[in-house]
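A short worksheet on the structure shown next.
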Amino acid sequence: MAREQLQVLNALDSAKTQLYHFTAIVIAGMGFFTDAYDLFAISLVTRLLGRIYYHKNGAPKPGTLPPGVASSVTGVALVGTLCGQLFFGWLGDKMGRKKVYGMTLALMVVCSLASGLSFGHEAKGVMATLCFFRFWLGFGIGGDYPLSATIMSEYANKKTRGAFIAAVFAMQGFGILASGVVSLIVSASFDHAFNAPSYASDPIGSTVPQADYVWRIILMFGAIPAALTYYWRMKMPETARYTALVAKNAKQAAQDMARVLQVEIDPEEQKVEKLTHDAGNSFGLFSKQFLRRHGLHLLGTTSTWFLLDIAFYSQNLFQKDVLTGIGWIPPTPTMSAIGEVYRVSKAQTLIALCSTVPGYWFTVALIDHMGRFKIQVMGFTFMTIFMFALAIPYHHWTLHQNRIGFVIMYSLTFFFANFGPNATTFVVPAEIFPARLRSTCHGISAAAGKAGAIVGAYGFLYASQSTNPKKTDAGYPTGIGIRYSLILLGVINFFGIIFTFLVPEPNGKSLEELSGENEETYEPASNITNRTVPV
């Protein structure tokens, strides 16, 4: 039997959309803007790093990062992010969302700046420094996932909560776009100033000494948006749900939200005391009660995010084929080092504009109308279809006259990832778990996603290598080839559809209804939520 909702939480659930909602979206969203900028900017400069630090005299092609170094430079931030999601997710439930929020942002600012610095000028010193600081940058980024999602879910009203959380996540699209735009501006400026020849005409002169500043400026720029929002993050009050239900300070929760909502709110201290001491609201993460109540939910959120990120991050495997095939990126010997950065940045910017950013905002617009379940199943379904459509007639798509169709299919997989599980896997874990475990469970779900990203980005990097030893990338062993890799990814997306059925539909319900925190007697999950299709 449900008890009467606390007045302060009821006021939040029923509040009209107003300025503080949009302020919270911007403040939390700028963290995700920075996250995406920092994670995706590295892919724009890895070719430049290879040219600068791994040049070989007399080689027919420019220098490239060795496989081990390339994996470390691009992957160490993902490892750091996974660790940060687990640590800061747990800390957010122990210390409060606001306190930990400031820590993650400060870490991101310092490490973004430090990523552009290096000990010495030799390849080993530069790469070791870059990897060290990008690990800690990822660690700070990891904390932003559970904290931003939890804060936004606890501030939002229940009518538009999905759109608000999705809007925070959608700032990733603008971060990806910004990384491309900044790289375009920096590379175009340096290219205009130094106008280097192509590698084919002058292997040494094609990489001017000033090119070393380009990658440093691009990476360090990520500190600016994070620094600009630090003051406003510290001005945000702690969420009422944490203050009342976890910290058990009813008076402070009422005061904070009365100031935000500009209404009078009764602290209801006795009701808070009774609620927080209820046996059903005190079990821990590793208890039988949690397993019975939320075990399948956590399995659903972790598995779907894991499977989604394998597919999402592995899509970069055939990006080079697409971009080279349509002429956006010419053969490397025909470009200078800085000119290549410009071309790669231009390609990423166009992809972000055409498919990545629109997909995110389709989710924002429709999530509270369609529901999380429908959008997630739809996204996984179309990703499965497009993966098989690319894989089965793969030879057909490799023919020059069919490259435009290949680009369209490639763009649609990105679109339906973002108008689908890439957004909903972020939203749902912030809604269905109890307040005292909400940040922790979101962090666990997000960390499972990053484990999938590591599998997708690096496991499939090796798997997708040609079966012909003469056609593999330099330094890589033979694999199963792109065609069979795409078939395997289609199967992974299909399993994403199946595991989605473990996740409840949160649309239109309060956080306390979903978690069971306002129940007089704690009942099994099947009596409280619809586990599958929304009604």
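Using N, Cα and C of the backbone, Cβ positions are placed for all residues, glycine too.
Per TrEMBL, the feature domain 'Major facilitator superfamily (MFS) profile' maps to 24-508. In the predicted model, residues of the domain 'Major facilitator superfamily (MFS) profile' (24-508) average a pLDDT of 88.
Under the heading transmembrane segment, TrEMBL lists 20-49 (among others).
The annotation transmembrane segment is assigned in TrEMBL to 69-88 (among others). Same-chain neighbours of the transmembrane segment (69-88): 38-39, 42-43, 46, 49-50, 54, 100, 103-104, 127, 130-131, 134-143, 145-147, 439, 443-444, 446-447, 450-451, 453-454, 457-458, 461, counting only residues six or more beyond its ends whose CB sits under 8 Å from a CB of the stretch.
Here TrEMBL flags 100-119 (among others) as transmembrane segment.
Tertiary neighbourhood of the transmembrane segment (163-190): same-chain residues 21, 24-25, 28-30, 32-37, 40-41, 44-45, 148-149, 152-153, 155-156, 208, 210-211, 213-214, 217-218, 221, 225, 338-339, 341-342, 344-346, 348-349, 352-353, 356-357, 359-361, 363-365, 367-368, 418, 423-424, 426-427, 430-431, selected by CB-CB distance under 8 Å and a gap of 6+ residues from either end. The feature transmembrane segment is assigned by TrEMBL to 163-190 (among others).
Annotation source TrEMBL lists transmembrane segment at 213-232 (among others).
Look at TrEMBL and you will find 350-367 (among others) tagged as transmembrane segment. The list of residues near the transmembrane segment (350-367) in space but at least 6 beyond its ends in sequence, with Cβ under 8 angstroms from a Cβ of it, reads 162-163, 166-167, 169-170, 172-174, 176-177, 180, 328, 375, 411-412, 414-420, 422-424, 427, 507.
Residues 304, 308, 311, 318, 363, 366-367, 406, 409-410, 412-413, 416-417, 419-425, 483-484, 486-487, 489-490, 493-494, 496-497, 500, 503, 505, 532-534 of the same chain, all 6+ positions outside the transmembrane segment (373-392), place their C-beta atoms under 8 angstroms from a C-beta of that stretch. According to TrEMBL, the transmembrane segment annotation covers 373-392 (among others).
Feature annotation from TrEMBL assigns transmembrane segment to 404-423 (among others).
For 443-463 (among others), the entry in TrEMBL reads transmembrane segment.
Marked as transmembrane segment by TrEMBL: 484-503 (among others). Only residues 6 or more beyond the boundaries of the transmembrane segment (484-503), in the same chain, are considered here, and those with a CB under 8 A from a CB of the stretch are 296-297, 299-301, 303-304, 307-308, 310-311, 314, 317-318, 372-373, 376-377, 380-381, 383-384, 387-388, 390-392, 394, 421, 428, 432, 460, 463-464, 531-532.
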Within the same chain, the residues 6 or more beyond the ends of the transmembrane segment (213-232) and with Cβ under 8 Å of it are 23, 26-27, 30-31, 33-34, 37-38, 41-42, 44-45, 48-49, 52, 102, 105-106, 108-110, 112-113, 115-117, 178-179, 182-183, 186-187, 190, 338, 341
For the transmembrane segment (404-423), the distant same-chain contacts (Cβ-Cβ under 8 Å, at least six residues beyond its ends) come to 166, 169-170, 173, 304-305, 308, 311-312, 315, 318-319, 321-322, 325-326, 351, 354-356, 358-360, 362-364, 367, 375-376, 378-380, 382-383, 386-387, 389-390, 397-398, 496, 500
